[in-house]
């Protein structure tokens, strides 16, 4: 039995016409799923009983099982812990802004990258998510909260570009006007930097936003924070980003988690400005989340100094406003606690 959420629009049409249904039935089915959040064929009342029975024989529409939910009393940020059909767990987050709702979604169960400041990597890597499991996070959150998501960031558990095919296919699904209907410029892929995949992304014809999790201005420091840097150097990654920018013309967000005593020195800020010189970038400065006890946030004064040095060097930068601090909204924390409690 096929997961219908794994299928592209064109694949769904092919599948149902092969079963003898008319093409337009695909639009009816997708309207039930994406607009009405119905994942039971029996409830699709504009389909005949015969068609419903036939579809049930061949397809499933698995939304995700909610295991836990935390809501921030500060800003309403909502964090979800989901169970997949095989019993694995993943996290998603809904972030509320005055003019939009953003979803932060996962692409892997666990993560192989193991950045030292991220809770997800602490539990190891299990597997890639399917296209359907990525898409189901959006549908399940919308169904649970009865709200429409307008922006999507692939910044949850896992490295999206190490699950490239399913990530790209899920973006096409979420963007398709008959499916997720989310504007392509409202979708962001966040990556630690897989050079060949960044270049491949530039050729996809998808005008998504790209965010690079850099976190250090030198290979020596980045090797300590992001172990994958030993495979892909900063120079290789930034060269790939330059190729991406030449092809797309898009500005790239540089994510930089600031950790006291590790990457927050004045020399780090100056070096960061140097390596980003003449690039079309915006730097998002992120005070570290306390996922690991010995990692501390820099002082407010140091954050402002770091930002000022970048601005004076002609690099756009901002300190990201923390959301969901009271519910540990950083990805991986809720799942890690559950794993520890059940082991």
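Cβ atoms here come from the backbone N, Cα and C positions, even for glycine.
Here the structure is a predicted model, which means the values were calculated and not measured.
Binding site for S-adenosyl-L-methionine per Swiss-Prot: 158, 159, 213, 214, 215, 289, plus 190 from the candidate set 123, 190, 267, 313. Counting every protein chain shown, the Cβ of residue 214 (S-adenosyl-L-methionine binding site) has 28 other Cβ atoms within 10 Å. For the pair residue 289 (S-adenosyl-L-methionine binding site) and residue 91 (active site, proton acceptor), the Cα-Cα distance reads 16 Å.
Ranking the recorded positions 91, 104, 115 by the distance of their Cα atoms from the Cα of residue 214 (S-adenosyl-L-methionine binding site) places 115 first. The C-beta environment of residue 115 ([4Fe-4S] cluster binding site), restricted to residues of the same chain at least 6 apart in sequence and closer than 8 Å, consists of 121, 192, 213, 215, 225, 226, 227. Using CA atoms as reference points, the recorded positions 91, 104, 111, 118 were checked against residue 190 (S-adenosyl-L-methionine binding site), and the closest is 104.
Recorded residues residue 91 (active site, proton acceptor) and residue 104 (disulfide bond) have their alpha carbons 9 Å apart, per Cα-Cα distance.
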